[in-house]
């Protein structure tokens with residue numbers, strides 16, 4: 001199957017095709033997320049060895065990571081402690097349940113099913129080394145490493161997460177009751193809410209998926225930032241668990257390992273070829289960006305980037 005050239009015109013076509021879909025809405029259960037422009041639709045692609053291309057239908061502004069931030073403790077702990085230790089804290093199996101499922105943890109715990117679920121990310125946050133401020137410095141260190149720059153925490157979103165995060169509190173206390181939380185509940189949740197509340201511009205989101213696409217090497221300098229083993233494990237988890245109970249549908253349509261967030265960001269990886277980020281805050285009931293998926297499917301078809309196609 002022949003592929004198109006990767007051009008700004010192609011990205012513009014993908015955005016305009018996605019704009020036709022009016023389904024979904026902003027995630028209003030985190031009040032600050034409801035205040036964004038729900039028509040914002042954007043895409044950026046970094047093909048290895050080529051310049052970054054991006055297109056947006058509206059002026060861009062910083063958007064919080066939300067669940068794309070779950071990549072931070074996963075990758076950081078993999079690098080520092082290794083896979084064997086990480087898998088003592090969390091499993092790597094698709095759950096078939098929504099991202100904040102309590103039932104799944106009750107029935108199949110004490111280990112959360114995978115690091116992409118809220119319970120899994122909370123469990124990993126409790127394993128961040130240090131106490132208090134040391135743990136926040138650990139987060140800052142890994143944000144710097146995985147985004148190639150510092151990011152800021154949006155204080156309004158952080159406060160909103162803390163104020164409304166009762167389901168996450170329930171998950172944390174359930175983990176604690178099963179002896180699978182490595183630290184204090186409140187301190188762990190502060191870390192979790194913080195990583196969800198980091199905010200980034202579209203172009204700032206592109207470094208991490210491009211790093212993973214390039215086997216852990218900085219796409220500009222060639223410096224080995226992450227081990228190839230960490231990249232392999234991370235991409236496998238993204239491919240099987242990155243969009244919760246919609247991951248199978250996503251992989252059938254796009255063939256790209258990806259990680260979504262309810263803010264509207266989805267990062268995707270074409271191993272050996274490209275890093276991608278799409279943005280649209282119109283999300284479905286599963287917490288995934290509807291227009292984002294339309295853009296990723298269109299890009300995959302246009303570029304012949306589905307993993308299952310030769």
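Using the three backbone atoms N, Cα and C, a Cβ is placed for every residue, glycine included.
As recorded in Swiss-Prot, the features of this protein are as follows:
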BINDING   67, 118, 161, 168, 192, 244, 262  substrate binding site
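Mapped onto this structure are the features recorded in Swiss-Prot.
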residue: 161; record: substrate binding site; Cβ contacts under 8 Å, 6 or more apart: 30, 193, 196, 197
residue: 192; record: substrate binding site; Cβ contacts under 8 Å, 6 or more apart: 118, 121, 122, 125, 168, 172
residue: 262; record: substrate binding site; Cβ contacts under 8 Å, 6 or more apart: 27, 30, 33, 66, 67, 283, 287
Check your understanding: What kind of secondary structure is residue 262 (substrate binding site) part of, going by DSSP in three states?
Key -> coil
Check your understanding: Least buried of the binding-site residues 67, 118, 168, going by other Cβ atoms within 10 Å?
Key -> 168
